[in-house]
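Per TrEMBL, these features apply:
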type	residues	note
BINDING	Asp192, His194, Asp311, His495	Zn(2+) 1 binding site
BINDING	Asp311, Asn351, His459, His493	Zn(2+) 2 binding site
DISULFID	Cys73-Cys155	disulfide bond
DISULFID	Cys104-Cys115	disulfide bond
DISULFID	Cys207-Cys212	disulfide bond
DISULFID	Cys213-Cys282	disulfide bond
DISULFID	Cys619-Cys623	disulfide bond
DOMAIN	69-159	domain 'Saposin B-type'
SIGNAL	1-15	signal peptide
Amino acid sequence: MKVLFCIFVVSGCVATNSLSIDGLTNLFIRAGKNKLNQSDWGTIHDLAEILYLPQDNFVNEETRVAGRSNLFCVLCRSVFSAFIDLVNADVKDEDLVDSIVLICNSLSIVSPNVCHGVVLLNVPILSYIIRNTPEAEASTFCSVFFQTAIETENCRYNDERFDWEVELPPRGEISKISYDSRKPLTVAIITDAHIDPLYEENGVADCSEPTCCRKGQTSRNHKYSYNPDRDEYIILRSLNFDNGEPNIDVGVAKTLREVRNVTRKSERLAPPAGYWGDYRNCDSPLWAYDDLVDRIHSSHKDIDIIYYMGDTIDHHVWETTYELIDEVNQYLVNKLRKTFGDVPVIATIGNHESQPTNQFAPERITQEKLNTTWLYESLARKWGVYLTEEAKATLRRQGDFSMVLRPGLRVISLNTNIAYKNNWWVVFDPLDAKTHLDWLVNELYKAEKAGEKVHILTHIPPGVHDLVNPWTREYNRIVNRFQQTIAAEFNGHTHTDEFKIFYSIEDKDIPIAVSWGGGSASAYTKNNVNYKIVVLDPNNYNPISISNYVYNLTEANLTPNRRPHWFKLYDFKNTYGVKDLSPNSLNELVYSMVTDKKYLLDIYSAFYSKLSDARWPYCSNDCKIANICRIVVTVLFDRKKCEELTKLFYSTK
């Protein structure tokens, strides 16, 4: 969705060296009315030079994007202020689309297909929200959309609608029930398939669009040369403050052009897309997903349950359709059903399942091409064979469901996408996220009174900067309250192999719960493909063993006619030398990683990308400590534990 912002933001500019928010706002209004002059066009290209950041940096360089967040927010606020004024002035959606697409195409940063597709899909939702939400201010859109792991000074909102809390029931006595089996249960974890039905082996992997390796794409236009160490220093100088008011110095663009032209090298033809996938911005071919499923079935004969953590659809967000989404979701389910028969598949919804991508409207939004009910009903039909009638009913209504899977084991599939920062509907109704957590509290309380243990499945993991702050804070409170009932949590979304530790609210040094990331069945971006096998203790349904299985994508693509060589990357307990997978043991492990056993942090950082040739060899100490911080941050912006571990890491030899 950063593509959409860049398309919007370059529409509001003026041909002077210093641009205030008011100046940007006024000129974006003129852009929306198709009244830009030639000088304005020159400044548009200057801002495009400043804003340019390759797509893989949006995905992987969290700290670099955080450094730009103030700049992005200043530009974003002016853009949304103008957009709000234009909508309130009754400028038609089609006129706004035409103006923005015209400017986007003139810049040639992405293809015309991307320009038209992204704008056309998102403008109707944004205009609806603005027309129907007087409280929706530009600062709220931008502070949510550009929030990062670290709270920034100039990217905050003042919107009381986000000041909500869930009500937690008083602690009561937990019931005890007997279980019908003492045999350990084996669970296969699959996540983030990102199947591209149009994947083209030997196709263009360095293309002119944000995601590549698809039939019909062309090689990238290398108009912009990007050097992170050089460019970021220059770019950050473009944001200045005059009496506390921010402005943008577009004169920086001239400097960028000069250094980029001097250092620009002749471009070599990039290698084509691999057969089994590609480390670059590419999704997965159908046959790679099939191979993963077949590998699990042939190598693990004792699978009792499959957890699928969402994100079936590809990253070509500018050309998704209802029909494609439906077909690919059906393909994924059919393959699992055909391969595993009656083995239950319990899934959660990924942010890429919606149309357009990331957009999850509240239940009361029923208008065509705005509602999300179509998705929930579609998934209820596809997953229905595995679900109870009650579970299907709540899935159809809100995208969540809860059901008893085995005697004593309840699984809750929680729809975290409604709190995703790229979901425009968060600004329409921040309290919609609260209703889902209220539902979660009721389900956990029901389980507590029945003596059940609970597995929580979410696509987006807790504490990450992709979720709005109140959601992460309140979810943390819920986990604290029901720590005796929650036996395990599993997530997807990040594509990396990681885990998270929750700490007691009363005593920050006491670990109380662990959330396990699933990795990804896709190589997007710079990761090896993986699945996990989890063995559960039949007495409490806690994980007692977690193993990760991967293959090296470089090696696999050398022999396209032979199936990939899968291998066990690790068995968590044995590889890291922990006695069990409890919060206490994981907490001890994390402290060892930054003090007396730093080699374990080296291993963790290598396994983070599943030994990806394109990633792990380049992980510096700062990269490694960032990986540690992701483990211990479960409430957005609460980084005290991260700061403590960072000091320990750099103060010990």
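Yeah, the Cβs are placed from backbone N, Cα and C, and that goes for glycine too.
The C-beta environment of Cys619 (disulfide bond), restricted to residues of the same chain at least 6 apart in sequence and closer than 8 Å, consists of Ser605, Ala606, Tyr608, Asn627. Closest to His194 (Zn(2+) 1 binding site) in space, going by CA atoms and restricting to the disulfide-bonded residues Cys73, Cys155, Cys207, Cys623, is Cys207.
Counting in whole angstrom, Asp192 (Zn(2+) 1 binding site) lies 30 from Cys73 (disulfide bond) by their C-alpha atoms. Look at the domain 'Saposin B-type' (69-159): DSSP puts its residues at 64 helix, 0 strand, 27 coil.
Here the candidates are the binding-site residues Asn351, His459, His495, and by Cα distance the one nearest Cys207 (disulfide bond) turns out to be His495. Those same-chain residues not listed among Asp311, Asn351, His459, His493 yet with C-beta within 8 angstroms of the centroid of the Zn(2+) 2 site C-beta atoms are Asp192, Met309, Gly310, Ile349, Gly350, His352, Thr416, Asn417, Ile460, Gly492.
Report note: the Zn(2+) 1 site is defined by Asp192, His194, Asp311, His495, and the residues of the same chain whose CB lies within 8 Å of the CB centroid of those residues, excluding them, are Thr191, Ala193, Gly350, His352, Gly492, His493, Ser520, Ala521, Ser522, Tyr524.
Among the recorded positions Cys212, Cys282, Asn351, the residue whose Cα lies closest in space to that of Asp311 (Zn(2+) 1 binding site) is Asn351. Counting other Cβ atoms within 10 Å of each Cβ, the disulfide-bonded residues Cys213, Cys623 show the lowest value at Cys623. Mean pLDDT across the domain 'Saposin B-type' (69-159) comes to 89 in this model. Nearest to Asn351 (Zn(2+) 2 binding site) in space, judged by Cα atoms and limited to the disulfide-bonded residues Cys73, Cys115, Cys155, Cys213, Cys282, is Cys282. Distance noted between the C-alpha atoms of Cys104 (disulfide bond) and Cys213 (disulfide bond) is 23 Å. Using a 10 Å Cβ-Cβ cutoff, Cys207 (disulfide bond) registers 24 neighbours. Non-local contacts of Cys73 (disulfide bond) by the CB criterion (under 8 A, 6+ apart in sequence, same chain) comprise Cys142, Ser143, Phe146, Thr152, Asn154, Cys155. Most other Cβ atoms within 10 A: among the disulfide-bonded residues Cys104, Cys115, Cys155, Cys282, that distinction falls to Cys282.
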